[in-house]
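Inspection log for the structure reproduced underneath, given as structure tokens.
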Amino acid sequence: MQILLANPRGFCAGVDRAISIVENALAIYGAPIYVRHEVVHNRYVVDSLRERGAIFIEQISEVPDGAILIFSAHGVSQAVRNEAKSRDLTVFDATCPLVTKVHMEVARASRRGEESILIGHAGHPEVEGTMGQYSNPEGGMYLVESPDDVLSLDVKNEGKLSFMTQTTLSVDDTSDVIDALRQRFPKIVGPRKDDICYATTNRQEAVRALAEQADVVLVVGSKNSSNSNRLAELAQRMGKAAFLIDDATDIQEAWVKEAKCVGVTAGASAPDILVQNVIARLQELGGGEAIPLEGREENIVFEVPKELRVDVREVE
């Protein structure tokens, strides 16, 4: 059985930054550090940080006065931000800068009184945070997930209308929704390119190349990870058996028993140690040496807040 590795895969710059913010805060200030929502959607990462003293909460009211609070990589609404400001808290923002870019687009539209349409998945924390940047009662903020949603959407003024997208969507699905928006609302304005982030796009491109060669595709990522789900869906659309797994223990021998080639990739919030464990398990099941495919090189780095720019080793 051949093992192929998608490239790129795993951590993106936004996830690296968010995890570093929590790790550095723990090193500098000590436990406990409060984090609103899972800092990234990966069970292994969250459990590891919890063991070191991070406390994950959903409501600001759960945080005691005087505590350190970190916003997750998915971002928060202005209402949540304002609630935190009103409390005696030290706040660090781990929102991915590419999500912040979308927040700024929505805030600008709100100030101008333009109605805005967000393409995204209802209930996802990034969507809730982005929708929560709009506050102009004269305008409106709407959420659509599919071309059918676009057909049933009513707006107040088609002449002052813009759209944005969640950063972790399917590139293909989003293109279909954008086409539907432009057909329904010819004057709609959008970003020069959609807001889907470089890492999401690159990993979908990589899994497409992987699925062209593999019989079975394993995507390392948690069930609540939007970008990981999109990777598994893309491989399935290409007619391949694809499975989303948290770690190597999820692998069922029957999945790969007849496979000549198994492809492995990882969502943007999945650490490489999980991928290495998956490779080891596949080798136990008869796999050979893991062969990485060629792919786009990623050199993007997002800095942590200056207050947290320390060598963690110096404070341990």
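Each position is counted from 1, following the chain as shown.
Quick reminder: no glycine exception, Cβ is built from N, Cα and C everywhere.
Taken from Swiss-Prot, the feature [4Fe-4S] cluster binding site applies to Cys12, Cys96, Cys197. Taking a C-beta cut-off of under 8 Å and a sequence gap of six or more, Cys197 ([4Fe-4S] cluster binding site) has these contacts in its own chain: Cys12, Gly14, Cys96, Leu98, Thr167, Thr168. A coil conformation is recorded for Cys197 ([4Fe-4S] cluster binding site) in the three-state DSSP classification, outside any helix or strand.
Here Swiss-Prot flags His41, His74, His124, Thr167, Ser225, Ser226, Asn227, Ser269 as (2E)-4-hydroxy-3-methylbut-2-enyl diphosphate binding site, drawing on sequence analysis. The number of other CB atoms found within 10 A of the CB of Thr167 ((2E)-4-hydroxy-3-methylbut-2-enyl diphosphate binding site), across every protein chain shown, is 28.
According to Swiss-Prot, the isopentenyl diphosphate binding site annotation covers His41, His74, His124, Ser225, Ser226, Asn227, Ser269. Classification of Asn227 ((2E)-4-hydroxy-3-methylbut-2-enyl diphosphate binding site) by DSSP places it within a helix. Sequence-distant neighbours of Asn227 ((2E)-4-hydroxy-3-methylbut-2-enyl diphosphate binding site): residues of the same chain at least 6 apart with a C-beta under 8 Å from its C-beta are Thr168, Ala199, Thr200, Arg203, Gly221, Gly267, Ala268, Ser269.
Annotation comment: Swiss-Prot describes His41, His74, His124, Ser225, Ser226, Asn227, Ser269 as dimethylallyl diphosphate binding site. Taking the Cβ of Ser269 ((2E)-4-hydroxy-3-methylbut-2-enyl diphosphate binding site) as centre and 10 Å as the limit, one finds 32 other Cβ atoms among all the protein chains shown.
Within its own chain, Glu126 (active site, proton donor) has His74, Gly75, Val99, Gly120, Gln166, Thr167, Thr168, Ser226 as residues 6 or more apart in sequence whose C-beta sits under 8 angstroms from its own. Sequence annotations record features per position, and here Swiss-Prot assigns active site, proton donor to Glu126 based on sequence analysis.
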Could you name the residues, excluding His41, His74, His124, Thr167, Ser225, Ser226, Asn227, Ser269, of the same chain that surround the (2E)-4-hydroxy-3-methylbut-2-enyl diphosphate site, i.e. Cβ within 8 Å of the Cβ centre of those residues, in sequence order? Val40, Glu126, Thr168, Asn224, Ser228, Gly267, Ala268
If you rank the binding-site residues His41, His74, His124 by how many other Cβ atoms lie within 10 Å of their Cβ, the lowest count goes to His124
Chain-internal residues, separated by at least six, CB under 8 A from Ser225 ((2E)-4-hydroxy-3-methylbut-2-enyl diphosphate binding site): His41, Asn42, Gly267, Ala268, Ser269, Ala270
What's the number of neighbouring CB atoms sitting within 10 A of the CB on Cys96 ([4Fe-4S] cluster binding site)? 26
